[in-house]
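I have a structure I would like to understand better, so I am pasting it below and will then ask my questions one at a time.
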Amino acid sequence: MSQSTDTIAAIASAPGAAGVGVLRVSGPAVPAIAHAMLGRAPQPRHAHFAAFRDGAGELIDRGLLLHFPAPTSYTGEHVLELQGHGSAVLLDALLRRVCELGARLARPGEFTERAFLNGKLDLAQAEAVADLIAARSQAGARAALQSMEGVFSRRVEALLQALVALRVHIEAAIDFPEEEIDFLADPAIAARLESLRTGLAELLREAQRGLRLNDGLRVAIVGRPNAGKSSLLNALAGSERAIVTAIPGTTRDVLRESLSLDGIALELADTAGLRDTDDEVEREGVRRAHGELQRTDVVLLVSDAEHAGADLAFFAALPAGVERLVLVNKIDRDLLDAHVESRDGITWLWASAKTGAGLDALRDHLKRLAGAGSGEGAFSARRRHVLALQQVGMHLDRTAAILATTRAGELAAEELRTAQHELGEITGDYSSDDLLGAIFSSFCIGK
Ligand code: GDP
């Protein structure tokens, strides 16, 4: 354990007036501070009703004092929690008093950083703490809780162990070059690598779903001008956020709307009609729309019965893995029935943004894509986790290629070593100060 020498303090509750406010302190000075605040040594993990006084003996507030001795605390250090009335003025006075008694102000995320450094949680779990606090949907909060409990980390750990075992096996063979070629041709090695790749692919899929649960499903709405994109966004969002007019090309920028569909977060982006245009402003909008498509989870093409075939051109040059939906809009005008079809990897939905017919099917489909109903074990993930898993996949692919061709043991082992490193970065087995700084500085103060 790497015990810090300084003691940190922060107001852990949200700013503003509230029934109760919480001050948190962690570090070696806690027993002395607790003693001073209570007038005697507190009992571990007991709620003491105390009079909190300033240096001159003046009463600041009355409230609860709790001492969690090291190492059985959130940070792994001595932790003190003072619960007073939720007033910014009183909490500031308490914070000042605690700092006089030897604490300093904590940086954002510093409590959780200490918990990580003391091995109380790994990096993915620490990130999940922040994601839980920031969760915007029930499904997102549930998933973050799973990751905080270590569901994701344990899966990464299991994969890591299998990977290390295979690497050690191959490295052992390198020490006996005369046997190496035959050894690496052993089908058991190929089978172990294959099972690693399958396990990784499964974990990557789940992590991608976890990312959607965490960040919300990103849906880019595209289509020719006047197809009904703004009307659809308004219908889904239930407000008049986008201006709907019958003049082509009015949606000039990318409009964004976050909404929660039954506890699932969606990030909708209404792009300018993607078409060549002479208008300067509109051209900029079109450029942004193209950029949007490189970052989205779903492209929702709004069209109608007449243009849908030709409009499929909007799907050209989409990155792999992007979900494609076609909304055949204006069925009220064209006297068609609302229904859903799936062909060639594209989901077709017949609907009307105007009457609302068929939009429930669209909502259901989006919810499924966003990970709704993904069950008990669904965990949250961050983009850096998904990227790391994709890198690991690339190195495992290369290892397989080496074993299938040159059987150069050194190269295969090197690929596996790099893969191991990438995997270890998820849980923080390997982590740079820059990465830790970036992660913990995005936390709130007091966590
Ligand atoms: P955008 O340019 O793609 O954003 O299209 P708008 O949402 O501005 O809609 C263009 C025109 O089509 C407007 O006059 C809308 O009222 C109309 N419209 C949109 N959806 C429907 C629909 O489902 N049925 C009918 N009949 N008209 C629609």
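Just so it is clear, glycine is given a Cβ too, placed from its N, Cα and C backbone atoms.
The following feature annotations were taken from TrEMBL:
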BINDING   R24, E81, K120, K447  (6S)-5-formyl-5,6,7,8-tetrahydrofolate binding site
DOMAIN    216-371  domain 'TrmE-type G'
BINDING   N226, T245, I247, T250  K(+) binding site
BINDING   226-231, 245-251, 270-273  GTP binding site
BINDING   S230, T251  Mg(2+) binding site
In DSSP terms, helix, strand or coil for R24 ((6S)-5-formyl-5,6,7,8-tetrahydrofolate binding site)?
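In the DSSP reduction, R24 ((6S)-5-formyl-5,6,7,8-tetrahydrofolate binding site) maps to strand.
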Looking at the binding-site residues E81, K120, N226, K229, S230, which have a C-beta within less than 6 Å of some atom in ligand 1?
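What lies within reach of ligand 1, judged by Cβ under 6 Å, is N226, K229, S230.
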On the Cα atoms of R24, E81, K120, K447, which are listed as binding (6S)-5-formyl-5,6,7,8-tetrahydrofolate, what is the maximum pairwise distance in Å?
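Value for the max Cα separation, rounded to a whole number: 18 Å.
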If you count the other Cβ atoms within 10 Å of each Cβ, which of the binding-site residues R24, N226, K229, K447 comes out on top?
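Its Cβ has the most other Cβ atoms within 10 Å: K229.
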Take the domain 'TrmE-type G' (216-371) and average the pLDDT across it for me.
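Mean pLDDT across the domain 'TrmE-type G' (216-371) comes out at 80.
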Let me check the 10 A CB neighbour count of E81 ((6S)-5-formyl-5,6,7,8-tetrahydrofolate binding site). How many other CB atoms are there?
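Taking all protein chains shown, E81 ((6S)-5-formyl-5,6,7,8-tetrahydrofolate binding site) has 20 Cβ neighbours within 10 Å.
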When you measure from the Cβ of K120 ((6S)-5-formyl-5,6,7,8-tetrahydrofolate binding site), which residues in the chain that are at least 6 apart have a Cβ under 8 Å away?
Y74, T75, G76
Going by Cα-Cα distance, which of the binding-site residues (R24, E81, K447) sits nearest to N226 (K(+) binding site)?
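Spatially nearest to N226 (K(+) binding site) by Cα position is K447.
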Could you say whether, by DSSP, S230 (Mg(2+) binding site) belongs to a helix, a strand or a coil region?
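S230 (Mg(2+) binding site) sits in a helix per DSSP.
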Is it possible to get the count of other C-beta atoms within 10 angstroms of the C-beta of S230 (Mg(2+) binding site)?
22
Taking only the Cα atoms, work out how far K229 (GTP binding site) lies from K447 ((6S)-5-formyl-5,6,7,8-tetrahydrofolate binding site), in Å, as a whole number.
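For K229 (GTP binding site) versus K447 ((6S)-5-formyl-5,6,7,8-tetrahydrofolate binding site), the Cα atoms are 41 Å apart.
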Provide, as an integer number of angstrom, the distance between the C-alpha atoms of R24 ((6S)-5-formyl-5,6,7,8-tetrahydrofolate binding site) and S230 (Mg(2+) binding site).
47
To the nearest whole angstrom, what is the C-alpha distance linking K447 ((6S)-5-formyl-5,6,7,8-tetrahydrofolate binding site) and S230 (Mg(2+) binding site)?
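That comes out at 40 Å between the alpha carbons.
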